[in-house]
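Notes for the one structure printed next.
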Amino acid sequence: MQDTARISVSSLQNTLLETWQNYYQLTKPRIIPLLLITTAASMWIASEGKIDPILLLVTLTGGTLAAASAQTLNCIYDLDIDYAMVRTRKRPLPSGKVQPRHALIFALTLAGLSFGLLARFANLQAALLAMMGIIFYMVVYTHMLKRNTPQNIVIGGAAGSIPPLVGWAAVTGELSWAAWLLFGLIFLWTPPHFWALALMIREDYASVNVPMLPVVEGEEATTEQIWIYSLLVVPVSLMLIYPLGVCGVVYGAFAVVLGAIFLQKAWVLLKNPEDLPLAKSMFKYSILYMMVLCTGMVIDSLPITHHMVQACTGHLEALMGMVLSMS
Ligand code: HEM
Ligand SMILES: CC(C)=CCC/C(C)=C/CC/C(C)=C/COP(=O)(O)OP(=O)(O)O
């Protein structure tokens, strides 16, 4: 009797774990951490390094729920092409592990929880922006653009640029030029990020008639576009320092070094458009770039960083004074 009970408890545990894993995978969980890093960086800048930990927790939780809802809705809408593409056919919906109706209830519940959490414990602006992210991603990118134009991810990239707006609004209740610059930075970063990947999986997209740029215009045109957007990303990343003045020299060092590597990779890819390992390297670096750049924003915003920079500046001025007095 006891053995039977033990077996049924164990099988129930396994079933629950498997169900959790299936719904977890529906949310495309590996993408969400970078969305949250851009949100957190925005919050640290907006709060000038003195962030409220509860507000940070609430906003990142609300952002996670919203992104999870958006990605689940995207999986429901794209069930047909996800089933056909090699890269996506093992996802929970095309593989039949989760039913679309249950996924829809899951996604709408996540969106409701996100809105409630952000509206109650952050503010209405952050909650509405998170919902805007879901709606823009689903209506503009997934429904209107993805299957119809090679500019799909350029315009649709605005969805993935909304998280820092949510973070900024959560801290300040409004959207300043700096918030929109962070939006613009991710907006311009998205094409190099995704088109480098799309170069590697263009046959997959061609098999389901999704007009990604490499499918429609080929590798050369795609690597040219990656180069052009990369040339825009780097100066825009420096605009946080000048003219906006919300980041300082520490962030500047991150932005210059990371940006130089970004441009170098984009340039080499431009000269070798059919080199898929280079495309893979560019895709992976695009993620590292955004991750470390946002880390630089956070470090730069900390009060201790400002004190250290001021101390160094003071020592440098004293040294310069000594050198000048000796000459
Ligand atoms: C329209 C805009 C975007 C498109 C079309 C896009 C597309 C993709 C695709 C297809 C993948 C491969 C995922 C997989 O096969 O499971 C991917 C990976 C990834 N994306 Fe993007 N992406 C976009 C914007 C963003 C944004 C805004 C971020 C974060 C700020 C982001 C972060 C990531 C990360 C971290 C990965 C790696 C996930 C992994 O390691 O498997 N993406 N992206
Ligand atoms: C505030 C808020 C919730 C904003 C939304 C942020 C968000 C979910 C961005 C997703 C960007 C992305 C990875 C798109 C890929 O979709 P795809 O359909 O091209 O990818 P797939 O082919 O791998 O399914």
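Note: Cβ is positioned from N, Cα and C throughout, glycine not excepted.
As recorded in TrEMBL, the features of this protein are as follows:
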| type | residues | note |
| --- | --- | --- |
| TRANSMEM | 31-47 | transmembrane segment |
| TRANSMEM | 53-77 | transmembrane segment |
| TRANSMEM | 98-118 | transmembrane segment |
| TRANSMEM | 124-141 | transmembrane segment |
| TRANSMEM | 153-171 | transmembrane segment |
| TRANSMEM | 177-201 | transmembrane segment |
| TRANSMEM | 250-270 | transmembrane segment |
| TRANSMEM | 282-299 | transmembrane segment |
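Tertiary proximity for the transmembrane segment (282-299) is limited to same-chain residues at least six positions away from its ends with a CB under 8 Å from its CB atoms, namely 34, 37-38, 40-41, 44-45, 186, 189, 192-193, 196-197, 200, 226, 237, 240, 247, 250-251, 253-255, 258, 261-262, 265-266, 269, 305. Within the same chain, the transmembrane segment (31-47) stays apart from the transmembrane segment (124-141): fewer than three Cβ pairs sit under 8 Å, each pair at least 6 residues apart. Count of Cβ pairs under 8 Å against the transmembrane segment (153-171): among 53-77, 98-118, 124-141, 177-201, the largest is for 177-201.
With a threshold of 8 Å between CB atoms, the same-chain residues lying at least 6 positions outside the transmembrane segment (177-201) that come near it are 38, 41-42, 45-46, 85, 87, 153-154, 157-158, 160-165, 168-169, 212-215, 219, 222-223, 225-226, 229-230, 232-233, 236-237, 239-240, 244, 246, 262, 266, 269, 273, 276, 279-280, 282-283, 286-287, 289-290.
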